[in-house]
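Participant: Sharing a structure with you now.
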Amino acid sequence: KFEFNPKVGIDNPALTLTEDTDGEGVGEPRFYLLAKDSTETFGFCLHEELGCQGHVIRQLELGGVAQRRGLQDGDRLLQVNGHFVDHMDHLRVVQKIKASGNQVLLGVLDGDSYETAKSLGRDLSQMLPDDIRPRLCHITRDKSGFGFSVSCPEGTKGTFQLSVLQDGPADRAGVPPGSWLLELNGDSVKSYSHTQLTKKLKQSGNKVTLLVASSAVEEFYRLRGLRVMAALADTSWLPFKVRELHMVKGPAGYGFLLKEDDCSSGGTGQFLWEVDVGLPAEQAGMKEGDRVLAVNGESIEGLDHEQTVQRIRAHEDQVTLLVIDPAGDEFYHSVSFGDP
């Protein structure tokens, strides 16, 4: 039996949808968006149990976050941050939750419905929406502009829909046609008038970063009373990428030095320096000044230098680091995105 008690807090409650839509005793998945601070926990354990299929929610803390939000003992975890996990190795699912950092979106199915669906041979992935992640898109202006226009119902604030020019900068940056604008350069637009938004766009110069949601994604969150958050966004369209470095220790070690230093965004972080030529760190693609985001699939947010070193040394002969270079690090914080 494996137990996991992730340290995470809460956001808005989920709308519980448990109607029997097919007459076969199979309810609908439920979704919970949880956001933590360093003093809170989810208040549950994730189990793998003999004779019981799936990733099982157990040991709900009385009055804790999970119980208050509506998670039930015996619920099966189907989705983490939009990724289907029922078929995954249990430890990998645990790592996905830990690596999500300050917030996580969980999709669950009640235990009875899960067992019924399995016995009927239902494909559980088909019970979940295809895409529930907003997009973070970085657009560089060309001669024609940013390649999108904004419409707003007369007399309203904060409701902006985007028309996207085919093959224009916004289209190439991944902005879906007809999507809704949620944030501009890391700031919410919900209080903006059309005039204020236009002014902000002009002040952005030649580059702008948008958090957008397609109509389907916007409806998914709205119907469930959930808040769309940049930290849950699909970042695959961004020009700045995190990198995964897997290293096997050689006779001379890994060949890098870990230092704690101030981040450009404030606070402290763990940075990689003195990368030795020809040793495992350089061979894995490590660059001087990279900041460490996670060790062996687990976020190091909130850990000090010694705790991070202990994580790296937990497996004597190998380690996997998730890192980002200084330019990418500065970008994510400039749009209030936090760790990618």
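Heads up, the Cβ atoms here are built off N, Cα and C, so glycines get one too.
Checked TrEMBL, it gives:
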- 31-112: domain 'PDZ' (DOMAIN)
- 136-216: domain 'PDZ' (DOMAIN)
- 244-327: domain 'PDZ' (DOMAIN)
Participant: In the domain 'PDZ' (136-216), how many residues does DSSP call helix, how many strand, and how many coil?
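Facilitator: Helix, strand and coil residues of the domain 'PDZ' (136-216) number 16 helix, 29 strand, 36 coil.
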Participant: Within the domain 'PDZ' (31-112), what mean pLDDT does the predicted structure show?
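Facilitator: Here the mean pLDDT over the domain 'PDZ' (31-112) amounts to 87.
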